[in-house]
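Read the structure below first, then the notes.
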Amino acid sequence: REDLWVREGKILNPEKLFFDEKGSADVQLDCKGSIIAPGFIDVQINGGFGVDFSLATDDFKSGIDLVSQKILSHGVTSFCPTLVTSPPSVYHQVLPQISVRNGGAHGAGILGAHLEGPFISREKKGAHPEHCLRTFEAGAFQELLATYGSLDCVRIVTLAPEMERSSEVIRELTHRGICVSLGHSVANLSQAEEAVQHGATFITHLFNAMLPFHHRDPGIVGLLTSDKIPAGRRVFYGMISDGIHTNPAALRIAHRAHPKGLVLVTDAMAGMGLAPGRHTLGQQVVEIDGLNTYIAGTKTLSGSVATMDTCVRHFQEATGCSVEMALEAASLHPAQLLGIEHNKGTLNYDSDADFLMLDDNLYVQATYIAGQEVWRQDTSGM
């Protein structure tokens, strides 16, 4: 119920302005009772609006620009474009075309790429193409480098920790400041705990593409309540809260077990924002039927077409958590996961002025990046 002060793209502590500079606001905006929240951060998004980040095209840059522009209306102010398992040639072509950049009127900021695969389990490949999967041979990290071509713009790598030689890879990636996520895996709990001890900090879409929870060996899911997490470390986990990938009861179990680790992700693919029908996800053809997306001709779920604001609303409804908690799962927690919580994910003084105006039902009314309005709901037709 207070004012939010912004100057030069940052959230300002008004005390200094009043007392030291004897200043006042140049522009005042009446938010008419809306909720102001930090901009959403999507750390797993495969594409949208007909654009597939795992397809090497000549106009890849215009594709990423289109998605970053369109997701402003979902409240997303920063994201990690995500590539599913692909042949090395695709990584070599696409990764040099992804550059970390600030958001603005042109679109949401890019925090770096999320590479999901190809070092994942065959049994839990989900919608990833089997012929492109890889294992770590001798010289594992060099092999990963050769596969991806470069790690310059890479922020997150999802791998299966039960693979031989994964420990050295996890250590090396973590050492370079890259977040390691566990997913598409048949790891048991002790393998998952070992990966966390080597530096892994994230779980890719919890419950999806991993062993189901078993009381004698809870697998990766057991990390949520493990007592083997190194002191001072937190394990985060992504959840696709679209009402399809995760039953609301499972969402509630995870949230109650480890609320501070929950990160909402869309896992959205090219079909998000498009009509039902056939679309792509990397090397595969997928079919959209309502909110369901399957590998064509199968019942294998493949990514989602849910938008981030929909996921926030569904999460809040399914868990009955506070509005703050729901908003933090899409802003503060992903920022903490990536170690950027001093700049993004909060409305604290000196952080980036990336924020949203929402109505009481958590529908986005306006999106701001660095204090500038970059999207507003068109109310002229209402």
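Glycine is treated like the rest: Cβ placed from N, Cα and C.
Residues annotated as domain 'Amidohydrolase-related' in TrEMBL: 35-373. The feature Zn(2+) binding site is assigned by TrEMBL to Glu116, His184, His205. Residues or ranges marked as substrate binding site in TrEMBL: Ala127, Asn208, Ala209, Arg216, His245, Leu301, Ser302, Gly303. Residues annotated as active site, proton donor/acceptor in TrEMBL: Asp267.
Sequence-ordered, the extra residues of this chain that approach the Zn(2+) site, with Cβ no more than 8 Å from the Cβ center of Glu116, His184, His205, are Gln44, Val84, Gly117, Ile120, Gly126, His128, Thr158, Ser181, Gly183, Thr204, Asn208, Ala209, Asp267. Considering only the binding-site residues Glu116, Ala127, Asn208, Arg216, Ser302, the residues lying within 10 A of Asp267 (active site, proton donor/acceptor) on a C-alpha to C-alpha basis are Ser302.
For Ser302 (substrate binding site), applying a Cβ distance below 8 Å and a minimum sequence separation of six or more within one chain yields Gly126, Ala127, Met269, Leu281, Gln284, Val286, Thr293, Tyr294, Ile295. Calculated from their C-alpha atoms, the gap between Asn208 (substrate binding site) and Glu116 (Zn(2+) binding site) amounts to 13 Å.
Ranking the binding-site residues Ala127, Ala209, Leu301 by how many other Cβ atoms lie within 10 angstroms of each Cβ puts Leu301 at the bottom. When Cβ neighbours within 10 Å are tallied across all protein chains shown, the highest count among the binding-site residues His205, Arg216 belongs to His205. Per-residue pLDDT, averaged along the domain 'Amidohydrolase-related' (35-373), amounts to 96 for this model. Cα of Glu116 (Zn(2+) binding site) to Cα of Arg216 (substrate binding site): a span of 28 Å.
Across the structure, Ala209 (substrate binding site) and His184 (Zn(2+) binding site) place their CA atoms 5 angstrom apart.
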